[in-house]
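S.K.: First, the structure itself, so that you have it in front of you.
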Amino acid sequence: MLTHKTCQARKKMQVSFVIRDAEEKQHRNGVNALQLDANNGKLYSAGRDAIIRVWNTRTDSSEKYIQSMEHHNDWVNDIVLCCNGRNLISASCDTTVKVWNAQKGFCMSTLRTHRDYVQALAYAKDREQVASAGLDKAIFLWDVNTLTALTASNNTVTTSSLTGSKDSIYSLAMNPSGTVIVSGSTENILRIWDPRTCMRRMKLRGHTENVRCLVVSPDGNQVVSGSSDGTIKVWNLGQQRCVQTIHVHKEGVWSLLMSENFQYIISGSRDRNIIVTEMRNPSNKTLVCEEQAPVLSLGYNIDKTGVWATTWNSDIRCWKLPMYDRCTLNSSGGMDAQWTQGGTEVACIKGGAAIKECAVLNDKRYIITKDSQDQVVVYDVLRVVKKEQLGAVDFEAEVKKRNKQVYIPNWFTVDLKTGMPTIVLGQEEVDCFSAWVSIEAGLPECVDPTTEIKINYGKLLLEALLEYWTPPHSIPPNEMEPDMHGNGYFQVPKHTPVIFSEVGGRTVCRLLVRDAAGDSESTLLHETAPQWVTDVVIEKNIPKFLKIPFFLQPHPQMTKPERTKKDRLVANEFIQCRKVCEHVLEKVLNAETTPSGGNANNSLQNSQSDANSEGSQLPAEERIELWCNDVVVDPNMDLRTVRHFIWKQSTDLTFQYKTKQNFNYDGK
């Protein structure tokens, strides 16, 4: 038994998990941000698959992977390296900011101050100060030394906030000395603060669409901005105005990188182009490369002869930068300036495929997916594993081929946002306890021929996901009773991430299946797991059965004029139609049939005697025939499948019954 903490004000919760390999060495979706530690050549990449990965850029080997940093469960939008590369700060769509030990790759602490997606970070190196901003219109300032000193007992942190933003913030920048901080938003303006006093200094107008990227000059006097309106603007903060508008892209500018002397702009755009432009002379520009997809982020390589670029795709490429040569002698004896050739791909960190399409099969146990490389895969949702790699086959044809004529209620939803299948269980629009099936249909490998068992998919899966959870303060089991963990049928991979989150809101808890046995994880689960989870996992309560009302009446071919009675019955929706046949044979015909020359008391004996003469050992479905909508019903179908595929009406399901030829019934 467990006394579970309840909170009336707690928001509705959902549980989700990811079907994936134990170690995902490749990004499975676009990469939003890059940070390079030039001291050791480590490149940190923030993925839309919720994973931060670390790469060795000093090796020429194709195997550059070092490690993964996992604790987010949604897109990682931005990262910054701090403390000379010892720590890393990350911002995510899961509404959190996380502090990491960059060398060992583990999450040190999680900041939950934001109320919506955290889109951008800014870093003042000289002050070890980080700012975070996002769709909640809020900007928070953090002291990095304080963040890295947080422990389980010393977990209180104070933050300053910058107020005044009126719309979602998508970009943020600070100069190294931390004297200027600039934000860009869907308000289409730049707002400037002094982070030392948190005072607003000014706002700058000029862009006509969202401001997606920003860079502040080291002295804090200039700002360069890129916008979805396709322009790059240079702003003089002393003059409080735009001093240069640069048109080099056909679509939105999403990433900016400046040369050390703040004279050249490297820009990446939705038009897939990466371009170098001289800031004071915008006509002096050259194309670095055309990427395969819209460019999301840019970062220098170690010696700054090349630029790393990320896109909507999962590959990370390094391109050689062209150099601006002012020492070319022209035909008239003067000096020309020209760009040396660039645009050569000098390195590539290959990414994996992102799942783009998904179909849930009618049995509601398997899903079929198609990824960005047209590979089709079958996943077993119940066992949380990849079941079959089908290759580049016809996705729609495969779904059609594998779909059976069976109806199981939806008990989960699938989210493909990270590029990997995330399965969501809840109690809102889709009830995770709605799928009751016979064990023969759901787990044929576990069938006991001596028993007739019904299983609930959602219950079994939650028990497997939380198999290792032993709640604190739980009463020890009776010595005569086994201490039951798991579901008794199967286990799921121990590396599976399990996430508890508010419905449509922030993440509350994330852990791996195997980690639920830990003291801190167990306590956290006790505090956050919703009652509907503990009811089945801890209390071992059985989810309620869903019932279907239906009518049962004689078929016109066997009914005499005086026999038109229509019975209304209610049964569990997973009951197979053979059970209805048994009811007709044992209850309806026996109770209401009076064979000629006999009386009601011996009607069952007479009907059974007739049946015996024709082979009474046959099961009920061999003697009784059910009809629905003028279609003979397969006795193996359950009630919900008949209602879905044959009845197809909102009114109560109606069956008609009649006897088969091998059953001699006098009422025919």
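Note that Cβ sites are derived from N, Cα and C of the backbone, with glycine treated the same way.
The shown structure was predicted, so the numbers you read here are calculated from the model rather than taken from an experiment.
Sharing the feature lines straight out of Swiss-Prot:
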type: REGION; residues: 592-616; note: region 'Disordered'
type: REPEAT; residues: 26-65; note: repeat 'WD 1'
type: REPEAT; residues: 71-110; note: repeat 'WD 2'
type: REPEAT; residues: 113-152; note: repeat 'WD 3'
type: REPEAT; residues: 164-203; note: repeat 'WD 4'
type: REPEAT; residues: 206-245; note: repeat 'WD 5'
type: REPEAT; residues: 248-287; note: repeat 'WD 6'
type: REPEAT; residues: 290-329; note: repeat 'WD 7'
type: REPEAT; residues: 350-389; note: repeat 'WD 8'
S.K.: Can you work out which residues elsewhere in the same chain, 6+ from the ends of the repeat 'WD 1' (26-65), have a Cβ less than 8 Å from its Cβ atoms?
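M.R.: For the repeat 'WD 1' (26-65), the far contacts come to 72-81, 84-85, 88, 90, 92, 94, 100, 102, 105, 293, 296-302, 308, 310-314, 316, 318, 347, 349-355, 417-420.
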S.K.: Against which stretches of its own chain does the repeat 'WD 2' (71-110) lie, if we need a Cβ under 8 Å and a gap of at least six residues from its ends?
M.R.: 16, 18, 32-35, 37, 39-40, 42, 44, 46-48, 50-52, 54, 116-123, 125, 128, 130, 132, 134, 142, 144-145, 147-148, 150, 155, 417-418, 497, 499, 501, 505-507, 510
S.K.: Give me the DSSP three-state residue breakdown of the repeat 'WD 2' (71-110), ordered helix, strand, coil.
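M.R.: Tallied per class, the repeat 'WD 2' (71-110) gives 3 helix, 23 strand, 14 coil.
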S.K.: With pairs closer than 6 in sequence left out, are the repeat 'WD 4' (164-203) and the repeat 'WD 7' (290-329) joined by 3 or more CB pairs under 8 Å?
M.R.: no
S.K.: Average the per-residue pLDDT over the repeat 'WD 5' (206-245) and send me the rounded value.
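M.R.: Summing pLDDT over the repeat 'WD 5' (206-245) and dividing by its length gives 97.
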S.K.: Based on DSSP, tally up the residues of the repeat 'WD 3' (113-152) by helix, strand and coil.
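M.R.: Grouping H, G, I as helix and E, B as strand yields 5 helix, 18 strand, 17 coil.
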S.K.: Go ahead and report the DSSP secondary structure tallies for the repeat 'WD 8' (350-389): helix first, then strand, then coil.
M.R.: 0 helix, 22 strand, 18 coil
S.K.: Per DSSP, what is the residue count of the repeat 'WD 1' (26-65) in each of helix, strand and coil?
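M.R.: For that range the per-state counts are 0 helix, 20 strand, 20 coil.
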